[in-house]
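Feature list (source: TrEMBL):
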DOMAIN    4-129  domain '1-deoxy-D-xylulose 5-phosphate reductoisomerase N-terminal'
BINDING   T10, G11, S12, I13, G36, R37, N38, N121, E123, G202  NADPH binding site
BINDING   K122, S148, E149, S173, H196, S209, N214, K215, E218  1-deoxy-D-xylulose 5-phosphate binding site
DOMAIN    143-226  domain '1-deoxy-D-xylulose 5-phosphate reductoisomerase C-terminal'
BINDING   D147, E149, E218  Mn(2+) binding site
DOMAIN    259-379  domain 'DXP reductoisomerase C-terminal'
Amino acid sequence: MKRVSVLGATGSIGQNTLDLIRRDRDAFEVVALTAGRNVDQLARDAREFCADLAVIGDETQLDALRDALAGTRTKVAAGEQAIIEAGARSADWVMSAIVGFAGLAPGLAALEQGATLALANKESLVAAGALLLDTAKRHNARILPVDSEHSAIFQALIGEDPASVSRVIITASGGAFRDWPMEKLSTATAAEAATHPNWDMGQRITIDSASMFNKALEMIEAREFFDVSPDQIEVLVHPQSLVHALVGFCDGGLMAHVGPHDMRHAIGFALNWPERRALPVDVLDLAQTGTLEFEAPDLNRFPPLRLARHVMEARGHSGAVFNGAKERALDHFIAGRIGFLQMSEVVEEVLTRILHQSGLNDDQITLDTACKADHLARDGADAVVQELIG
Ligand code: NAD
Ligand code: MG
């Protein structure tokens, strides 16, 4: 039996992960499940999967969780530190599906106990890629990509010589506003941005898809995962979201990964790796699909793609600053304090201000320095927003 934990179990990726585990119940033992606030869902899942441990981030909900799991063998805990300890519990495979920078410390804890970390939480790799990769190496652990594009690249690279790779191309659906005129974008609301044409995901990543901040994070994620240089990473708009990524080789060939837009493919691939097993996803009928379209992204329309190039070149703590500023700008957009296009203005301004500040040792990223950069970026974003709205 594979001993598995799911961090961020109540979210979109977490629930899809549990769906796969449910279908193959005898193959898995569930060690720890964690959630931010959703006690009811967490308790239901902990009961169903007889989890050893259930942890809720919000400490005020510990009693509610304890009551909901009374009479079961599941231990309960609450708070940020308890979520890190859940990651540190001995398990073979840990799904990192907390949203945002909060996923970094629990993911590191899982690597420190030697687990295979299935990484949906791209923010941690963007903020502290070198730290995660180095921790995996030191503890003989492994990180497997779960983001659909990176799972696709990983799959296209199987059996290939990394030295023969000339480029990687990640696709972008174009998000909710692909067909909107530029003038209208400044008035887009969070509710409008939170509807994705193809994928059913959490609110934050859906809005990040509309702004292309998600794709910007994914460019940096690709740089960390696959050790390719910034100029080898390309983005292609592909409205059908069926080709998830392509890998180009030195002989001119391109290997494309084509699959349904169902995250259970990438999650299941990571769950079963190194085997391939049948998964409950639609079988694609390309004759039915008919046309696959591709177009170059408009960099004027999507400044985050330009900012990502800057971050990939700068490295060091710029990823943590970029991510932290992005997370706060998104909070301000969701709260209605800034407009859709102002999110990238805020992030760009924070990058310029903070990267010129001293105090961040760019040679080495530790959890402490990443947290410091994240805090600085969030405070910086708050300050810039304050200036913008007067
Ligand atoms: P979601 O919002 O649906 O779920 C997030 C989970 O994290 C929930 O369980 C929530 O309770 C928990 N959480 C939130 N804040 C927390 C905090 N501060 N501390 C502890 N737990 C907290 O998000 P999602 O769409 O499932 O995305 C999860 C991660 O996977 C993100 O990093 C996202 O970028 C990545 N991802 C998601 C998809 C997708 O299809 N949803 C695809 C690719 C990558
Ligand atoms: Mg993705």
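Backbone N, Cα and C atoms are what each Cβ position is placed from, and that goes for glycine too.
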- Which residues does T10 (NADPH binding site) neighbour through Cβ under 8 Å, counting only same-chain ones at least six apart? A35, G36, N38, Q41, L42, D45
- Query: Can you name the binding-site residues among S12, K122, E123, H196, E218 whose CA is within 10 A of the CA of D147 (Mn(2+) binding site)?
  - Reply: K122, E218
- Per DSSP, to which secondary structure element type does N38 (NADPH binding site) belong, with helix, strand and coil as the options? coil
- Of G36, D147, H196, binding-site residues neighbouring ligand 1, Cβ under 6 A: G36, D147
- Item | Close-lying binding-site residues around ligand 2 among T10, S12, G36, N38, K122, where CB distance stays under 6 Å | none
- Item | Integer Å distance between the CA atoms belonging to E123 (NADPH binding site) and H196 (1-deoxy-D-xylulose 5-phosphate binding site) | 20
- Message: Roughly how many Å lie between the Cα atoms of K122 (1-deoxy-D-xylulose 5-phosphate binding site) and S12 (NADPH binding site), rounded to a whole value?
- Response: 14
- Setting D147, E149, E218 aside, what same-chain residues sit with their Cβ within 8 Å of the center of the Cβ atoms that define the Mn(2+) site, listed in sequence order? K122, P145, S148, H150, I170, N214, K215, L217, E221, A222, H244, A245
- Task: Using only the Cα atoms of K122, S148, E149, S173, H196, S209, N214, K215, E218, which the record gives as binding 1-deoxy-D-xylulose 5-phosphate, return the largest interatomic distance in Å, rounded to a whole number.
- Result: 19
- Query: Out of these binding-site residues, S12, N214, which one has the fewest other C-beta atoms within 10 Å of its own C-beta?
  - Reply: S12
- Any idea which of the binding-site residues K122, H196 has the thinnest Cβ neighbourhood at 10 Å? H196
- Item | Mean per-residue pLDDT computed across the domain '1-deoxy-D-xylulose 5-phosphate reductoisomerase C-terminal' (143-226) | 94
- Counting Cβ neighbours within 10 Å across all chains shown, tell me which of the binding-site residues E123, D147, E218 comes out on top. E123
- Cα separation, E123 (NADPH binding site) to N214 (1-deoxy-D-xylulose 5-phosphate binding site) (Å, whole number): 10
